[in-house]
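Peer 1: Okay, so Swiss-Prot annotates it like this:
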type     : residues       : note
ACT_SITE : Asp376         : active site, proton acceptor
BINDING  : Asp333, Asp376 : Mg(2+) binding site
BINDING  : Asn341, Asp350 : substrate binding site
DOMAIN   : 325-458        : domain 'GGDEF'
SITE     : Lys338         : site 'Transition state stabilizer'
Amino acid sequence: MEMYFKRMKDEWTGLVEQADPLIRAKAAEIAVAHAHYLSIEFYRIVRIDPHAEEFLSNEQVERQLKSAMERWIINVLSAQVDDVERLIQIQHTVAEVHARIGIPVEIVEMGFRVLKKILYPVIFSSDYSAAEKLQVYHFSINSIDIAMEVMTRAFTFSDSSASKEDENYRIFSLLENAEEEKERQIASILSWEIDIIYKILLDSDLGSSLPLSQADFGLWFNHKGRHYFSGIAEVGHISRLIQDFDGIFNQTMRNTRNLNNRSLRVKFLLQIRNTVSQIITLLRELFEEVSRHEVGMDVLTKLLNRRFLPTIFKREIAHANRTGTPLSVLIIDVDKFKEINDTWGHNTGDEILRKVSQAFYDNVRSSDYVFRYGGDEFIIVLTEASENETLRTAERIRSRVEKTKLKAANGEDIALSLSIGAAMFNGHPDYERLIQIADEALYIAKRRGRNRVELWKASL
């Protein structure tokens, strides 16, 4: 890649050097005068494509992209020799963002085609001479083509790396502590079954019961299991069983009086037992040949390391956009960890990190993700958790750690606490923006005295 970018730098530099300075000046003049119009027209046309609309529907994104597009047009069409290296780096950065968000390369290529199409009438309606118009157009199109090639090559490299990490995560997820995960999910669906059966037999209110897709097992399957076992037939079978039973469940909830009829009640109970039994059988088959493997896991805390953060965020953001369900993130910092570590030593510091990590595991659902983000910093991705649920989870974790007892080697008690920043997904497709605003909330929590939870709001 390094040799390729050097070659493209030489080519772009050659284009600029060989162009008549007057033509370059006129291309820059066109760019400055018409960048705003070109940007608006560009996004108007691109958004007609329903696939592109998926990535541009967020108002904040559209506003930021339009101004960024204006700057990009001016930079590329006004390039001087000394600008070329910086411009190549800009294309690389833009490509990384596209890959991180998951924008398909065909949309990027369509965008360049649209830009060249709308640039043509702008240049040829100017008051330049016919020869000047042709030369300005030639210089502008060649500049855009070089920028496009650099961006596409960088995008392909970034996207390929991301795809490789997606597959690595899938394999890691399959292998990581499989036996324990299997038993946990079997226990989860059995617990859901027992809860409903007891309520029916005791003639209790079923209103608080959840359909299978919204129970803990259903959330785990939709957010993790479906991805873990991607491409395996049993996944489709389980999906259909959940979907079919949800239909039966919802119909029953609309008229619970039918359960007073013994034959209908027995039929419903047998449908529950049959569905759960089939799902457990399929789950055992899926997990049968899976064994433990810890690549991608933080050795000390047994949490995910940040390697798989892009893979998970990309998938969960796509799910949230597709289904309209909430998504949130917590960024967590151990208060005064460096001071504790320096005072009591690394062994004590490691023990604190292990205890804190256990508190995370004990207070999140199996559909959530917990990462060790840095030394004493952690990220939790909460799937389908409302703002209130997000804050309750954060407060539960904070309270649990505050009550954790830890003694130093000399018997002295060590006080532990966490500062937590929370943020709700607002439609912006770049997960780094979600992390950024959660980090801003974390900063507020620290500034307001630590040992507290703060939710990011635009007014913060």
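Glycine residues also receive a Cβ, built from the backbone N, Cα and C atoms like all the rest.
Bear in mind that the values here come from a model prediction, so they are computed numbers and not experimental data.
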Peer 1: Can you work out the mean pLDDT of the predicted model over the domain 'GGDEF' (325-458)?
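Peer 2: Taking every residue in the domain 'GGDEF' (325-458) and averaging pLDDT yields 92.
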Peer 1: Among Asp333, Lys338, Asn341, Asp350, all listed as recorded positions, which has the most CB atoms within 10 Å of its CB?
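Peer 2: Comparing the recorded positions Asp333, Lys338, Asn341, Asp350, the most crowded Cβ belongs to Asp333.
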Peer 1: Of all the recorded positions given, namely Asp333, Lys338, Asn341, Asp350, which is spatially nearest to the residue listed as 'active site, proton acceptor' at the Cα level?
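Peer 2: Comparing Cα positions, the closest of these recorded positions turns out to be Asp333.
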Peer 1: Count the other Cβ atoms sitting within 10 Å of the Cβ of Asp376 (active site, proton acceptor), across every protein chain shown.
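Peer 2: The Cβ of Asp376 (active site, proton acceptor) has 20 Cβ neighbours within 10 Å.
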Peer 1: Where Asp350 (substrate binding site) and Lys338 (site 'Transition state stabilizer') are concerned, what is their Cα separation in Å, rounded?
Peer 2: 12
Peer 1: Would you mind reading off the Cα separation of Asn341 (substrate binding site) from Asp333 (Mg(2+) binding site), to the nearest angstrom?
Peer 2: 14
Peer 1: With DSSP as the reference, give the number of residues of the domain 'GGDEF' (325-458) in helix, strand and coil.
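Peer 2: In the domain 'GGDEF' (325-458), the DSSP-based counts are 59 helix, 33 strand, 42 coil.
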